[in-house]
Amino acid sequence: MAKGTNDAQLLIQSLRKAYASTPTSLKIIDLYVVYAVATALIQVAYMAMVGSFPFNSFLSGVLSCVGTAVLAVCLRIQVNKDNKEFKDLPPERAFADFVLCNLVLHLVIMNFLG
Amino acid sequence: MATSKVEGSSSLRHAFGGVLSVFILLLIGVVAFSIRLFSVIKYESVIHEFDPYFNYRVTQFLSKNGIYDFWNWFDDRTWYPLGRVIGGTVYPGLTLTAGTMWKLANSLNIPLSVETVCVFTAPIFSAFAAWATYLLTKEVKGPGAGITAAAILAMVPSYISRSVAGSYDNEAVAIFALIFTFYLYIKTLNTGSLFYATLNSFAYFYMVCSWGGYTFIINLIPMHVLLCIVTGRYSSRLYIAYAPLVVLGTLLAALVPVVGFNAVMTSEHFGSFLVFIIIHVVALVYYIKGILTPRLFKVATTLVLTVGIAVCAVVVAILVALVASSPTKGWSGRSLSLLDPTYASKYIPIIASVSEHQPPTWPSYFMDINVLAFLVPAGIVACFLPLSDASSFAVLYLVTSVYFSGVMVRLMLVLAPAACIMSGIALSEAFGVLTRSMKFHITKYFECSHTEAPAKLGESTSTESSAPLENMTKSDTTEKPEVARKEKVARRKQKKEKELTENAHVKPVSAKKEKRPLVLPLEASIVSVFLLIVLGGLYVLHCVWAAAEAYSAPSIVLTSHSHDGLHVFDDFREAYAWLRHNTEVDDKVASWWDYGYQTTAMANRTVIVDNNTWNNTHIATVGTAMSSPEKAAWEIFNSLDVKYVLVVFGGLVGYPSDDINKFLWMVRIGGGVFPHIKEADYLKDGQYRVDAQATHTMLNCLMYKLSYYRFVETDGKGFDRVRRYEIGKKHFKLTHFEEVFTTHHWMVRIYKLKPQKNRIRGKSRKSKLGSKSTSSKSGGMTHKNPWN
C-alpha cells in the first residue's frame, strides 16, 4: 500500500511537471473549460435543491455550459502546436470557427431559455 | 519541361473532369426529377394516398394563416370530440419547406398554387438527394464513386416509391436531410473543421424537423464513434466531429415541439449521451498518455481502473434502476417494435395492422433495389481496401439499415441510399481496375509496336501503371493452367466485380520486374466493361418500368383496362365532393381511420378518427361500432354526435382494399379495448366469411349491413367480386340508418343516422321501461356491454 501511495504521489508530481510545460495560451483555455464545467455542476446542484421546473431553462443552462466547454476543448485541440493533424490550420481560422460555433450555440440557448 | 508538360496536361484533364462532372450531376438531377413524373403524366397532378392529404391540408393552413397560427394550431375538425394539437404533434420540416418554396415562388411573381408546390416537392428534393449522395460518396471513396452512386440513387425504385410527384410525405425531404447530415458528419471527420461540425448540427436539426426516423442518425453516429474507438482509430478529428454534434444536436432537437424533452429523456437518445461520456474518457486517456512516460502511465491506469470501476458500477446501477422503473424501459412503442419485431403484434395491434410495417419478402428486395442487391457485397469489400473512418461508417450504415429493412418493409427506404453508396463504390472500383488493365495493355501494345526491346517493357509499364495494390492475379494466373475455370477463377481474380458470365480464357500476365500492377487480360477487361454497361442498362430499364407501372398509382384514382378501353374509378373524390356540397359544415363523419385525412382535406368535414392513430381507445370505439348490431352501433355513433357514416366497398368492381377485408382488424382493435367484442364470434370454423355460412354476429353487424345494403339489386344474386362468392344475407332493411349516397361504382357508400323516434308506442314502450329497470339492477356486473 505504501508503494501504492508512493506511486500515486510520483504520478501526481510527474503529471504536474508535464502539465507545467504546456504553453500559457493553452493553460488559459484549460482554465476556461474548468470554469464552464464548474458552472454546470453548480447549476445541477441548484436543480437538485430547488427542483427542475422549468425544465427547458435548466436544460439550456446546463447544456450551454457543457457546450462552451466542448467547443473550448475543440479550440484547444486545433490550436495545440503538438497536434500534427492540424499543423496546416492557422490558429485564426480555429478561433473564428470557435466564435461562430459559440454564436450558434448561444442563439439556440437564448431561444430555448424561455 | 517534360514534368511541367505532364502537370499541365493533367491539370487540363482535371479541369475537363470537373466541368464534365458538373454537367453529369446536372443531368442526374434532371433524371431524378423526371423519372418521378409518371403519375402526373398518366393520371393528373394530384396528391396521392392518405398521409399526404394531411400534410397538404397543413400546408394550406400555413400558407393562408402564417407561421405563428400554424405553430399554435389546435385542430378541432379531427378526433372529435378530442381535437388534435397540430403544432405539437406534427413534424414541421416538410410543411415549412413547401410553404417556403411557395412563398418564394409567389414573391417572384411565379403564380404556383400550393397544390402544385406540394406535388412537386418530392421530385425536387430527390434531385437534391442525388447530389448529396455524390458529395457523401466523394468523401468516402472519390469523385468517380460519387457520380456513380448519385446516378444509381436518382433511379433506385425503393426511393421512387416514396417520392413520386404527388407523394407529399415526410420521407420526401427526410431522405435528403439524412444523406446530407451524413455527408457533413463525414466531412467533419475527414477535415476536423469546427465549421462543418456546426453545419452538421444544422443539417441534423433539419432532419429532426422532418421525420421521426431521425433517431436512426442519433444512434448510428454514436455507434460509429464507438466502432472507431474500439478499432483504435480514435483521433482528435473524431472528437470534433462528435462532441459538438451531441450538444448542439440535443439542444436543436429539443427545440422542435414534437420532440421536446424526449430529446433528453427517452432511451432513443441515451446511446448518444453514453458515447459522449465515453469519448471524453478516451480523450483524457490519450492526453495523459501523451504527457506521461509509459511506466507512469501504467501506474496511472491501475490506479484509475480500481477507482473508476467502483464509480462506474454505482452510476450504472442508478441508470439501470431509473430505466427499468418504466414499463417500456423508456423506449417508445414504435422503436420497440423495430428492436423486437414481435412486440407490435402482441401489444399494439394498430402498428401491426399497417401493411407497411410488415417484414418484407425476398422478391421485394429485388423489386426495390434490383441489381444493387448483389453489388452491395462487392462494395463492402471495396470499402475495406483501404479501410478509413469514412468507409467504416458506410459499412456500418449499410449493415444497420439492412437489419432494419428486414424488420419493416417501409424501412427499405433507409437501405436505399446505403445500397447506392456501396454499389457506386463497387462499380467505380470495378471500372477503375478494368480501364487500368485496358490502358496498360493498349499502351504495352503501342510500346511493343514502337520499340523492339521487350526488356524495357518491365520498367516503362510498371512506372506507368498506378501504385500496386494487392496483386490478385499473380498467384492465380502464373501457377494455374490456362483452362478457363469460369466462376471460381473469375471470382478470385475479380473480387470487386459482380456476376461474371464471360468465358474468356485466362491469359497469364507477363511477368513484371519489381512492382506488379493489378491488371487483367485485355479480352477479359473489354468483355467485363461491356457486361457492366449492359448491367447498368438493365438496371435503368427496371427502374423506369418500376416507376411507371408499380409506383405511380395515386391510389385515390384507380384505373383498369378492359376490352372496351380504359375505365377510371374516381369514386373517392366523388364521395368527398358529395359530402362537401350536401352536408352542413359542422356535420361529423365517421369512417375507419384510413380515410380520416382525406375526408378532412377534401370533404372538409369533422371526422372521428384519422390516420394519426394516436388514440387507440377512440379507434376501438369506432371499431366496436362497426362490429356491433345496428341499434348498438347507432347508440355509439349518436353519443359521438356523428351524422354520417362512410364505408368503402369493393364488391361490385373488385377493389380489394375495402372495409370488409379490413373488418377483422376493426374487430381485433375494438376487442382489445371492449371485451364484449370477440373475434371468434365473427369467424366460422376459424375462417372469415360473409356468405351463407357466416356466423349470425357477422351477418348482423353494421359493417356487413352498410356494405351490402341493396347489393342484391345489382345482379340479382349478390355475387361479391372480391370475396368471389354470393353474400349470405341478401334482403334486409336498415332500421337505424338511411342510405344517402352511393358512388358510381358503389365503392364509397354514405349513410345518415336516422333521428330517434319522437314517441315510443305500444309493445316497444313497455319492453323499454322493463329493460331500463332490469339494467339499473344489474349495472354492477363485469363484462357488460357499456353501451346498453
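Backbone N, Cα and C define each Cβ position, glycine as well.
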Transmembrane segment according to TrEMBL, located in which of B:142-160, B:636-654: B:142-160
The transmembrane segment (B:112-136) vs the transmembrane segment (B:172-197): 3 or more CB pairs under 8 Å: yes
When counting Cβ pairs under 8 Å to the transmembrane segment (B:142-160), the leader among B:15-38, B:172-197, B:203-227, B:415-434: B:415-434
DSSP-derived helix, strand and coil totals, residue by residue, for the domain 'STT3/PglB/AglB core' (B:586-645): 33 helix, 9 strand, 18 coil
Annotated stretches the transmembrane segment (B:365-385) and the transmembrane segment (B:392-409) touching (3 or more Cβ pairs under 8 Å): yes
Stretch contact, the transmembrane segment (B:270-288) with the transmembrane segment (B:392-409), Cβ-Cβ under 8 Å, 3+ pairs: no
The transmembrane segment (B:392-409) vs the transmembrane segment (B:172-197): 3 or more CB pairs under 8 Å: yes
Long-range neighbours of the transmembrane segment (B:15-38), counting only residues six or more past its ends (CB under 8 A): 122-124, 126-131, 134, 143, 147, 150-151, 153-155, 160, 163-165, 543-544, 547-548, 552
